């Protein structure tokens, strides 16, 4: 590899987690730009590539037939030189509880620029800490990406929780010619507040019911006239082998705004606490009338950077994940993001996208 032609990304920027690596590699694949990522996950207790990041890296290597240096566990530097994006059926077996959704987060934007539809089957954790739950990807990410002209189908074949994992999902991706600009700035009126409270394994359904009742009670306390429908679910042994519990709540508005809030059970699971946590978070979004929630911010940056025309989102205080994503996108694409605070405290984030065109279709 020619080191002089390789763009270098500092993986320790701000939060120093995996965000810089994920976005840099995805953009490298899409744009055909070699990249070197250094100081990977420098701020984490175990710096360097984790199992999840290594699986994602090797997946992108396969998708683009890339040359890679540094693809081993705990590696702090990776050099990645992609070739063309290959549509195919890809399988990733993590053999751990590595996050399925974070692996999808790396691959989805890349497969959008393949020549034909692709399928990606991944085993690992569907609902694990420090990652979006799979329900969030289905119920919140998908409708948000529809603003950019993106379509995908995500099926959960089996749920998997920490520490054993063993979940399995299938993602089918339709390629695009280009990404439309997204305008997520008008909150509109609330149409519905809904969600799912789930438990699995040896955990009793009462935990899901506790989450449901507390979440609904909290929403009704804050908005007495607002209907809130949470479905309690106990997953069968065929659908989820091991213990796990959590809740995802969403709000849908007349302006096609979809916001999500979730909570995940840890070792000692209290359904009332989880229900309160998710409903309070969602209630805060509703009160501030943001159009993009805190966990969607960073995921939209790569699509805004690549889209044709100017994209804008109204959100809350920018997370370090989002600031990192902006930093990487600006270096990789040359676009400029504008961030302004509004009188109500919301942040308006916009950029004129690169207008990247899929030449494989």
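Glycine is treated like the rest: Cβ placed from N, Cα and C.
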Of the candidates 82, 132, 133, 143, which does Swiss-Prot annotate as part of the ATP site that also includes 105, 295, 298, 299, 321?
132
Out of 105, 299, which of the binding-site residues has the smallest number of neighbouring Cβ atoms within 10 Å?
105
